[in-house]
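Right, one structure below, let's go through it.
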Ligand SMILES: Cc1cc2nc3c(=O)[nH]c(=O)nc-3n(C[C@H](O)[C@H](O)[C@H](O)COP(=O)(O)OP(=O)(O)OC[C@H]3O[C@@H](n4cnc5c(N)ncnc54)[C@H](O)[C@@H]3O)c2cc1C
């Protein structure tokens, strides 16, 4: 490890590796640090991702594709089923990944693009010269080190500290977090569909999911809105769900985690500094999906970093181009899904059931999410008023 780089990226998740790959390809000298000893482990993810979206970032490899899915099914609280084909499912299904291998493959891609990757190295603070961020303080394999950089990128996930070190307000209120529990369940029959279960008794303010990984294994999880959750609630609800749906299944792994569900935050840049991925709250507030947004935002951040360094201007004003690009794309998308989420969490189980019944016979395998929404509007004209902000 040298004591000076063009860019230091903190956190080797999808966001960090994407920034590191893009910036290295543009010719910058990049250091990517990861606090854990193994990139990608432990996994805190249901691992579902849009097939086409992923192909923009990395060549598909059977090593990290656990399963390909045919589509998704949504179950209303009374069990009414709506089925959506894979092609039409939007960003949430297509591949179910092996993230332990996928995250490592992304980091390998950064290395082969020229970045240096160091594990067991944790950013503990930021170095400043006046207002400008000029590097990081870190603990690297038991030792304290200072490393300088023209730009520091925070890609340290949902629990991000680096954003706060930079003076950016990343606080999430309980209503802006989905608290999640997930079991890897084996010995079950799960076909090639991702399943989503709605209902206030199943997952208040969230949903339960079953993402098949092939060979009788699936990620089975639950997300509960932070403001409706209490200590241990997601695990208790998930245990009941698994007992009910997979009575013979064996739990072979468990993860607890959180997903930001706030929609766009006010600011993601400072002088010599950018925030990317979950640390910038760029995940989808409705589904909790964040892998693809993290990868896309990583490319934007890496590209802007390269052009700002080339112009020798890494001020907040110059880095604003990153902020502009992600707000125009990811930001617009997540603002819309935030409106849907905020409406959905007010629905009672009875309302969910009524909506599902209203389109039950009208759904077929060729319908996508927006076809279903359209069918819902047709069958329930009052809904048009509830979602008027989305149609503008
Ligand atoms: C239960 C659950 C299920 C999910 N399911 C899905 C899904 O099916 N599909 C989907 O698209 N998304 C899903 N997500 C969200 C997805 O996991 C995240 O959006 C995605 O991982 C964000 O990538 P990231 O690189 O921003 O952050 P992360 O993947 O969290 O990576 C951040 C990295 O930074 C490291 N780090 C943290 N602090 C430091 C430090 N100080 N110094 C150095 N390194 C540090 C961490 O160890 C970590 O490796 C799920 C999340 C949860 C919790």
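Even glycines carry a Cβ here, placed using N, Cα and C.
Heads up, TrEMBL stuff is auto-annotated, nobody curated it.
Other Cβ atoms within 10 Å of the Cβ of residue 48 (FAD binding site) number 25 in total over all chains. Residues annotated as FAD binding site in TrEMBL: 15, 34, 45, 46, 48, 99, 123, 278, 290, 291.
As annotated by TrEMBL, domain 'FAD-binding' applies to 4-170.
Look at TrEMBL and you will find 176-259 tagged as domain 'Digeranylgeranylglycerophospholipid reductase catalytic'.
For the binding-site residues 15, 123, the largest tally of other C-beta atoms within 10 A is found at 15. Taken residue by residue with DSSP, residue 15 (FAD binding site) is part of a helix. Note: the domain 'Digeranylgeranylglycerophospholipid reductase catalytic' (176-259) comprises 17 helix, 40 strand, 27 coil (DSSP; helix = H, G, I, strand = E, B).
Under the three-state DSSP scheme, residue 123 (FAD binding site) falls in the strand class.
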